[in-house]
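According to TrEMBL, the features are:
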BINDING   His132  substrate binding site
DOMAIN    34-297  domain 'NADP-dependent oxidoreductase'
SIGNAL    1-17  signal peptide
SITE      Lys96  site 'Lowers pKa of active site Tyr'
Amino acid sequence: MLGLAALLPMALPASYPTVPMKGIGGKDLGMPLVGLGTWQYNSSVAEAAVKLAFSLGYRHVDTALGYGNQDGVGRGLAAASAAAGLKRADYFVTSKIPGGLNTSAATAALDQALEQLFPGDKDAYVDLMLQHFPASWSGEGGPSLRKEQWLAMEAWAHKGKAKALGISHYCARHLDDVLSVATEPVSLNQVQYHVGMGQQNATFCHDPEYMKAKGVVYMSYSSLCGPCPPPDNTELISGDLVTSIGAQHGKTGAQVALRWLVQQGIPVIPKSSSATHLSENFDLFSFTLTAEEMNRLHLATSPVETGTPPQPPDDAQDCSVP
């Protein structure tokens, strides 16, 4: 189910699996199954986290124009590359631009994102660029702008500025809008997915089976339910289910929750600026969960997706976006 590092033109260790996906021109690409998330980090924290993570072996970082930290991510990448003697092809960068943009606004956002990450580099590119939301954050845009923005992203990628394009927070009908005009693969959909959501229906979990059927890689963010309200925000770290399984493998509860995802071929981007936690989050391929353990985790019904009523609107309402 998992591709190995040979799929990537990167200097990755053989123990660092990747997930295969189709890029621009239908080219076969691979994305590291584990990367560093940077949401909610300011530029200085993001810079330090990238340098530390890459010193520990990470070769994938996830950021977004809307995070306001891409300058720090870029400095971290430059420093980490120099320290490890990495070429640009040796690591993977994912970024995102806001949804609900017309052609000119989308192109400007794409150029801004790239300049923030790689200032002054005329040959700069991202490995994966995503539409961050199926509309503006306030819900404006609809099918017409989803289509227009996607085509603007394709035109930008054709200039060599992205190796693959994708989406985030998208549900099946949002994807269908894009597929109706797309001339390039929709490589990936990044959505909230974690232990506790395995039994939820397509409306809540963005329909992973539909995405896979359309050739779209299903990727998890908030894999440990970090933004969930207490006590859900710690259940996948110190809760009884994950810690009891972890004890059987000499691993932490968080490692079990993350392993449940990558063992299904679902990429993860856990966030940390701690060397201990970064190392643990990266150590997901030295053990294998049994079929019985995978099933127990799949059958868990908590923690639920953030925004599930009566929580305030959040990811669980993505599928109601016009």
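Here the Cβ of each residue, glycine as well, is placed from N, Cα and C on the backbone.
Note that TrEMBL annotation is computational and uncurated.
Note that the structure is a prediction, hence the values are computed from the model and not measured.
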Around the residue listed as 'substrate binding site', how many other CB atoms lie within 10 A of its CB?
-> 23
Measuring Cα to Cα, how many angstrom lie between Lys96 (site 'Lowers pKa of active site Tyr') and His132 (substrate binding site)?
-> 5
Over the domain 'NADP-dependent oxidoreductase' (34-297), work out the mean pLDDT and round it to an integer.
-> 96
Note down the number of other Cβ atoms within 10 Å of the Cβ of Lys96 (site 'Lowers pKa of active site Tyr'), including every protein chain shown.
-> 25
